[in-house]
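Notes to accompany the following structure.
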Amino acid sequence: MERTDSLSQQNGRQRKVPGGGMKGPHRREMTNVAVSETEEEARALVEESDGELRGHRVKRGIREELGNVSLLLFLYVLQGIPLGLAGSVPLILQSRNVSYSDQAFFSFVFWPFSLKLLWAPLVDSLYFRRFGRRKSWLVPSQYLLGLFMIFLSGTVDRLLEGGDGPQVVPLTAVFFMLAFLAATQDIAVDGWALTMLSRENVGYASTCNSVGQTAGYFLGNVLFLALESADFCNKYLRAEPRDVGIVTLSDFLFFWGMVFLVSTTLVAILKRENAEGGGGRGVQEETQGVTETYKLLFSIIKLPSVFTFCVLLLTAKVGFSAADAVTGLKLVEAGVPKETLALLAVPLVPLQILLPLAISKYTAGPRPLDVFHKAFPFSCVCGCRLLMGLEFALLVWWTPSVRQQGGFPVYYYATILLSYALHQVALYSMYVACMAFHAKVSDPLIGGTYMTLLNTVTNLGGNWPSTVALWMVDPLTSKECRGAAGQSCSSAAAAELCAGAGGACVTTLDGYYVESVVCVAIGLLWWAWLGKKMKGLQGRSPEAWKCQAGP
């Protein structure tokens, strides 16, 4: 691969990638794609002036670029498929009674999208010029995704149904690679979106990003879990009941693996990447070199205001970790069908679309973190996210008592839906406020890299507490052996001895409830002490957030 030339440091301006924001349960940070904005604007003005001198200026409508928009949308849908599948595996594992330590280990699968800033400069700077800057990474990533899916389709049943239970380590390794490749594909597609569409239509890239990845996640998660469930298929899709669903995980992986291979081949052969800027924009896309980009990131982190803000972002979500990471698994453990739990996300989609629009008017002012601070523990509008952790714990505790022979009553699912809706309101209030503050403080000279860093830290601040929360459930849980004198349930081996002696391990204290209380207490302490520090950051002068983008 060859490197691009370094970005001119005369003005040091970078352009933010359209659609690079974070979305839904799986928030995404903006890819580090830098464009010389001043040079681009100068070219645009020259083109416009030349067009006026010739008596006309050609503007491309969306219909003329419907093919490019459709391609972008399709690529983002493909990106969401492995993410959705990865999100469905913990529910499948939970139905097979794996330990929460194993769930914690598998949760590392979701880290690549929060860490892709580490290799995004490489994707942006190294490529084969003849093949195309973005295709140099897009095509190999998607081929590997397809091959991994096809390989996994032949082994996933063995990994899930091993003699000693699911083999979590190899499952984690394979799905981590899928997520890593999807994150790499995301970097390439975000960058390609800048030049694939014309200047007039480049704004549609963010729509393709949001709609495409959400649709892909829905297909890989909600649709798969529904079609994989024998109960759901027998109840809604079949005339004659059967013991298995319409599709298996193996079938689903093989189908989408073939889709990846075929579609990638067509893109590699038929879609030409214009090195001079696609979509008629006539923009030569440039970037900083790898070394310069990493130096720039380090210089941003060294700023006292940014360092303090990053520490706050890395600790802010500890109070929500038990509710966010463990509640759904506990509901499945209590008997709630995993496919029903997944389908409950569908009615929340309109809420997820409208909430950011409604909240944005409160975060557009000079103090957006006031909304974050209010939504953290409670708000007369937003419900309460911290106290929702206790409400979720009560919901889990209540679940076994309302379970009926035919399942759960409608009012129970209505309660879950209402709880999730209130949680989403508080979550999006904090999220939109954070994103507004990121945009407010980011140095405009290096806005793209600045925003990427802050969004990456925000995502990482949600991932590590979730992993720790899952890991701590089992150590905090107390069990005793009943029906067999002298036996205990202190370990897996001891539990087997208890069962062999005719006893049964009974949970006397569920670690989830301990975590829920501890997390809420930590969250309230954070809000009372560090929350004020976060609000205080809004009062710092703009110069406190600026750094030198040049050498």
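Note that Cβ sites are derived from N, Cα and C of the backbone, with glycine treated the same way.
TrEMBL entries are annotated by machine, without manual review.
Here is what TrEMBL says about this protein:
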type	residues	note
COMPBIAS	1-12	compositional bias 'Polar residues'
REGION	1-35	region 'Disordered'
TRANSMEM	69-93	transmembrane segment
TRANSMEM	105-128	transmembrane segment
TRANSMEM	137-156	transmembrane segment
TRANSMEM	168-189	transmembrane segment
TRANSMEM	244-270	transmembrane segment
TRANSMEM	296-320	transmembrane segment
TRANSMEM	341-364	transmembrane segment
TRANSMEM	376-398	transmembrane segment
TRANSMEM	410-431	transmembrane segment
TRANSMEM	512-530	transmembrane segment
Of 105-128, 137-156, 168-189, 244-270, 296-320, whichever stretch has the most CB pairs under 8 A to the transmembrane segment (512-530): 296-320
Distal contacts, the transmembrane segment (168-189) - CB-CB under 8 A, six or more residues away: 28, 31-33, 72, 75-76, 78-79, 82-83, 85-86, 89, 93, 98, 102, 105-106, 108-113, 115-116, 119-120, 123-124, 134-135, 137-138, 141-142, 144-145, 148-149, 151-152, 156, 159-160
Among 69-93, 244-270, 410-431, stretch most in contact with the transmembrane segment (105-128) (C-beta, under 8 angstroms): 69-93
Top Cβ-contact partner of the transmembrane segment (244-270) among 69-93, 137-156, 410-431 (pairs under 8 Å): 137-156
Surrounding residues of the transmembrane segment (137-156) on its own chain - C-beta under 8 Å, 6+ positions past either end: 75, 78, 82, 123, 127, 131, 171, 174, 177-178, 181-182, 184-185, 187-189, 192, 249-251, 253-254, 256-261, 263-264, 267-268
